[in-house]
Amino acid sequence: MPELPEVETTRRGIAPHLEGQRVSRVVVRDRRLRWPIPEDLDVRLSGQRILSVERRAKYLLINAEVGTLISHLGMSGNLRLVQLGLPAAKHEHVDIELESGLMLRYTDPRRFGAMLWSLDPLNHELLLRLGPEPLTDLFDGERLFQLSRGRTMAVKPFIMDNAVVVGVGNIYATEALFAAGIDPRREAGGISRTRYLKLAIEIKRVLAAAIEQGGTTLRDFIGGDGQPGYFQQELFVYGRGGMPCKLCGTTLREAKLGQRASVYCPRCQR
């Protein structure tokens, strides 16, 4: 599933080619995504100039003169720029055609993504209750410490809660906890302020490094230019259960937390 770095990579790839451009037509070949694509999307967006492309959590916000297209890549989706007129292949559900001669093509084999229209996106029900962005000053270790008091859940699903902080998905939660030396199974409410301060720093560092590398391509993800990400080469623990720890050589273990597999080092993480 594309996580925050992959979505930010997509945003950075498509924004320069969309901003300031006018939409000539929207072609929807299949409306059946997680929620149906609005039947009048072509009418609403065609003829409008795209003002900006922003990201909120794992949602892309394509802001037009009137209204915003809210897009989510789901489990296997991607948005990429192609030349106008390029024939569509299987699973290529939407084309946003631009007067520049390019079009933004949405591909989603599993159809768990979304394309919705809103006149007030930040108050849309999907975005309204989201926590702070992890790479801003609104997120820090003090926030983690305060919100964790009295919480008996494991720390990994705690930091993956979008009400606590957005965009810390399975890959990057696993890596940040390893970097901070915290066992993902530990009770969130039992971790000290000092360790949460360290964890917040590592969350920011890991996410920033992943964005710099263009995200992590494990299976489906490609950026807006059609290229894969390279952060998978930097992974210390995610997907390496049963293999030796890169730092100490201890065999990495796996645990199930919140229906997700979690890999950790029993020696490096306490």
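Cβ atoms are placed via backbone N, Cα and C, with glycine included.
Quantities reported herein were computed from a predicted structural model and do not represent experimental measurements.
Annotation comment: Swiss-Prot describes P2 as active site, schiff-base intermediate with DNA, evidence class sequence analysis. Annotated active site, proton donor per Swiss-Prot: E3, K58, R260, in sequence order. Per Swiss-Prot, DNA binding site is recorded for H91, R110, R151, and the stated evidence type is sequence analysis. Annotated zinc finger per Swiss-Prot: 236-270, in sequence order, evidence recorded as sequence analysis.
Recorded features from Swiss-Prot, shown on the structure.
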residue: P2; record: active site, schiff-base intermediate with DNA; Cβ neighbours (10 Å): 28
residue: E3; record: active site, proton donor; Cβ neighbours (10 Å): 21
residue: K58; record: active site, proton donor; Cβ neighbours (10 Å): 21
residue: H91; record: DNA binding site; Cβ neighbours (10 Å): 15
residue: R110; record: DNA binding site; Cβ neighbours (10 Å): 14
residue: R151; record: DNA binding site; Cβ neighbours (10 Å): 17
residue: R260; record: active site, proton donor; Cβ neighbours (10 Å): 15
Between 0 and 100, where does the mean pLDDT of the zinc finger (236-270) sit?
-> 96
Could you check which of the active-site residues (P2, E3, K58, R260) sits closest to R110 (DNA binding site), going Cα to Cα?
-> P2
Which numbers of helix, strand and coil residues does DSSP report for the zinc finger (236-270)?
-> 0 helix, 12 strand, 23 coil
Write down the Cα-Cα distance for K58 (active site, proton donor) and P2 (active site, schiff-base intermediate with DNA), rounded and given in Å.
-> 8
Here the recorded positions are E3, H91, R151, R260, and the Cα closest to that of K58 (active site, proton donor) is found at E3
Among H91, R110, R151, the record's DNA-binding residues, the widest C-alpha separation in angstrom comes to 42
